[in-house]
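What Swiss-Prot annotates here:
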BINDING   H112, H116, H122  Zn(2+) binding site
REGION    141-160  region 'Disordered'
Amino acid sequence: MPLELDLQVASDAADLPSEAQFRAWCELALRQRAESELTIRLVDEAEGLELNSTYRHKDYATNVLSFPADVPEEFLDIPLLGDLVICAPVVAREAREQHKPLQAHWAHLVIHGCLHLLGYDHIDDAEAEEMETLERELLAELGHPDPYACDDEEPPSKEK
(Lines of atoms letter the chains of each structure in order from A; the text may use other names.)
(Lines give C-alpha, C1' and ligand atoms only; values in the text may rest on other atoms or scores of the structure.)
Protein backbone atom coordinates (compact mmCIF):
# COMPACT_ATOMS: atom_id res chain seq x y z
CA MET A 1 0.00 0.00 0.00
CA PRO A 2 1.61 3.27 -1.05
CA LEU A 3 1.62 5.78 1.78
CA GLU A 4 2.62 9.37 1.30
CA LEU A 5 3.51 10.67 4.75
CA ASP A 6 4.52 14.24 5.48
CA LEU A 7 6.10 14.28 8.95
CA GLN A 8 6.47 17.76 10.41
CA VAL A 9 8.46 18.11 13.63
CA ALA A 10 7.61 21.34 15.44
CA SER A 11 8.59 20.05 18.87
CA ASP A 12 11.78 20.06 20.90
CA ALA A 13 10.75 16.88 22.73
CA ALA A 14 13.27 14.11 23.17
CA ASP A 15 12.66 10.44 22.38
CA LEU A 16 10.45 11.06 19.36
CA PRO A 17 9.77 8.02 17.19
CA SER A 18 11.55 7.82 13.85
CA GLU A 19 9.87 8.55 10.55
CA ALA A 20 10.10 4.82 9.80
CA GLN A 21 8.14 4.04 12.98
CA PHE A 22 5.44 6.58 12.12
CA ARG A 23 5.24 5.12 8.62
CA ALA A 24 4.93 1.54 9.91
CA TRP A 25 2.17 2.48 12.36
CA CYS A 26 0.24 4.40 9.69
CA GLU A 27 0.61 1.61 7.14
CA LEU A 28 -0.75 -0.88 9.65
CA ALA A 29 -3.77 1.26 10.52
CA LEU A 30 -4.46 2.21 6.90
CA ARG A 31 -3.84 -1.14 5.22
CA GLN A 32 -7.47 -1.37 4.09
CA ARG A 33 -6.82 1.53 1.68
CA ALA A 34 -4.99 1.18 -1.62
CA GLU A 35 -3.33 4.58 -1.22
CA SER A 36 -3.17 7.16 1.54
CA GLU A 37 -1.75 10.64 1.97
CA LEU A 38 -1.54 12.26 5.36
CA THR A 39 0.44 14.72 7.41
CA ILE A 40 1.55 14.12 10.98
CA ARG A 41 2.64 17.27 12.81
CA LEU A 42 4.43 16.84 16.13
CA VAL A 43 3.93 19.88 18.35
CA ASP A 44 4.76 21.20 21.80
CA GLU A 45 2.12 22.14 24.37
CA ALA A 46 1.68 25.76 23.27
CA GLU A 47 0.62 24.79 19.74
CA GLY A 48 -1.35 21.81 21.04
CA LEU A 49 -3.27 24.10 23.41
CA GLU A 50 -3.91 26.66 20.68
CA LEU A 51 -5.27 24.04 18.25
CA ASN A 52 -7.38 22.25 20.86
CA SER A 53 -8.80 25.58 21.99
CA THR A 54 -9.54 26.73 18.45
CA TYR A 55 -11.08 23.53 17.11
CA ARG A 56 -12.52 21.80 20.19
CA HIS A 57 -12.97 24.76 22.56
CA LYS A 58 -10.96 22.93 25.24
CA ASP A 59 -8.43 24.87 27.31
CA TYR A 60 -5.67 22.25 27.40
CA ALA A 61 -3.32 20.48 25.03
CA THR A 62 -4.60 17.02 24.11
CA ASN A 63 -2.57 14.07 22.89
CA VAL A 64 -3.81 13.78 19.30
CA LEU A 65 -6.11 15.79 17.08
CA SER A 66 -7.37 14.49 13.76
CA PHE A 67 -8.39 16.69 10.87
CA PRO A 68 -10.00 14.61 8.12
CA ALA A 69 -9.59 16.05 4.64
CA ASP A 70 -12.62 17.97 3.45
CA VAL A 71 -12.65 16.65 -0.11
CA PRO A 72 -15.39 17.70 -2.56
CA GLU A 73 -17.65 14.81 -3.55
CA GLU A 74 -16.36 14.71 -7.13
CA PHE A 75 -12.83 14.03 -5.80
CA LEU A 76 -13.63 11.39 -3.18
CA ASP A 77 -11.39 8.87 -4.93
CA ILE A 78 -8.19 10.83 -4.22
CA PRO A 79 -6.00 9.31 -1.48
CA LEU A 80 -5.83 12.44 0.75
CA LEU A 81 -6.91 11.43 4.26
CA GLY A 82 -6.09 14.47 6.37
CA ASP A 83 -3.80 15.56 9.16
CA LEU A 84 -2.87 14.36 12.62
CA VAL A 85 -1.45 16.75 15.19
CA ILE A 86 0.24 14.99 18.08
CA CYS A 87 1.42 16.86 21.17
CA ALA A 88 4.71 15.18 22.10
CA PRO A 89 4.92 16.38 25.74
CA VAL A 90 1.36 15.17 26.40
CA VAL A 91 2.17 11.75 24.92
CA ALA A 92 5.27 11.44 27.13
CA ARG A 93 3.41 12.61 30.25
CA GLU A 94 0.51 10.20 29.67
CA ALA A 95 2.87 7.27 29.11
CA ARG A 96 4.62 8.05 32.42
CA GLU A 97 1.38 8.59 34.36
CA GLN A 98 -0.27 5.48 32.92
CA HIS A 99 2.89 3.34 33.28
CA LYS A 100 2.89 2.51 29.58
CA PRO A 101 5.95 2.00 27.38
CA LEU A 102 6.51 5.27 25.52
CA GLN A 103 6.80 3.68 22.07
CA ALA A 104 3.63 1.64 22.66
CA HIS A 105 1.74 4.80 23.59
CA TRP A 106 3.02 6.60 20.49
CA ALA A 107 1.95 3.63 18.34
CA HIS A 108 -1.48 3.63 19.97
CA LEU A 109 -2.09 7.32 19.40
CA VAL A 110 -0.93 7.24 15.77
CA ILE A 111 -3.18 4.25 15.09
CA HIS A 112 -6.02 5.93 16.99
CA GLY A 113 -5.67 9.11 14.94
CA CYS A 114 -5.47 7.19 11.65
CA LEU A 115 -8.66 5.33 12.53
CA HIS A 116 -10.39 8.67 13.09
CA LEU A 117 -9.26 9.75 9.62
CA LEU A 118 -10.87 6.55 8.29
CA GLY A 119 -14.16 7.52 9.94
CA TYR A 120 -14.03 5.55 13.19
CA ASP A 121 -15.17 7.33 16.33
CA HIS A 122 -15.85 6.79 20.00
CA ILE A 123 -18.84 9.04 20.63
CA ASP A 124 -21.14 6.27 21.82
CA ASP A 125 -20.35 2.97 23.53
CA ALA A 126 -20.87 0.79 20.43
CA GLU A 127 -18.56 2.96 18.31
CA ALA A 128 -15.99 3.09 21.10
CA GLU A 129 -16.02 -0.70 21.47
CA GLU A 130 -15.53 -1.21 17.72
CA MET A 131 -12.67 1.30 17.56
CA GLU A 132 -10.95 0.07 20.73
CA THR A 133 -11.17 -3.55 19.57
CA LEU A 134 -9.47 -2.66 16.31
CA GLU A 135 -6.81 -0.65 18.17
CA ARG A 136 -6.11 -3.63 20.44
CA GLU A 137 -5.80 -6.00 17.47
CA LEU A 138 -3.43 -3.70 15.57
CA LEU A 139 -1.26 -3.03 18.62
CA ALA A 140 -1.11 -6.75 19.37
CA GLU A 141 0.28 -7.29 15.86
CA LEU A 142 3.09 -4.94 16.86
CA GLY A 143 3.63 -6.83 20.11
CA HIS A 144 2.32 -3.97 22.26
CA PRO A 145 0.05 -4.48 25.28
CA ASP A 146 -3.65 -3.64 25.39
CA PRO A 147 -3.71 0.16 25.86
CA TYR A 148 -7.02 -0.05 27.73
CA ALA A 149 -6.06 -2.88 30.12
CA CYS A 150 -5.32 -0.60 33.07
CA ASP A 151 -8.03 1.99 32.58
CA ASP A 152 -8.94 2.70 36.19
CA GLU A 153 -9.67 6.26 35.21
CA GLU A 154 -10.86 8.13 32.15
CA PRO A 155 -9.27 7.06 28.87
CA PRO A 156 -6.45 9.31 27.67
CA SER A 157 -7.72 12.59 26.27
CA LYS A 158 -8.65 11.86 22.68
CA GLU A 159 -9.59 14.07 19.82
CA LYS A 160 -12.95 14.26 18.21
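Heads up, the Cβ atoms here are built off N, Cα and C, so glycines get one too.
Ranking the binding-site residues H112, H116, H122 by C-beta neighbours within 10 Å puts H112 at the top. DSSP assigns H122 (Zn(2+) binding site) to coil, not to a helix or a strand. In this structure, H116 (Zn(2+) binding site) is part of a helix by DSSP.
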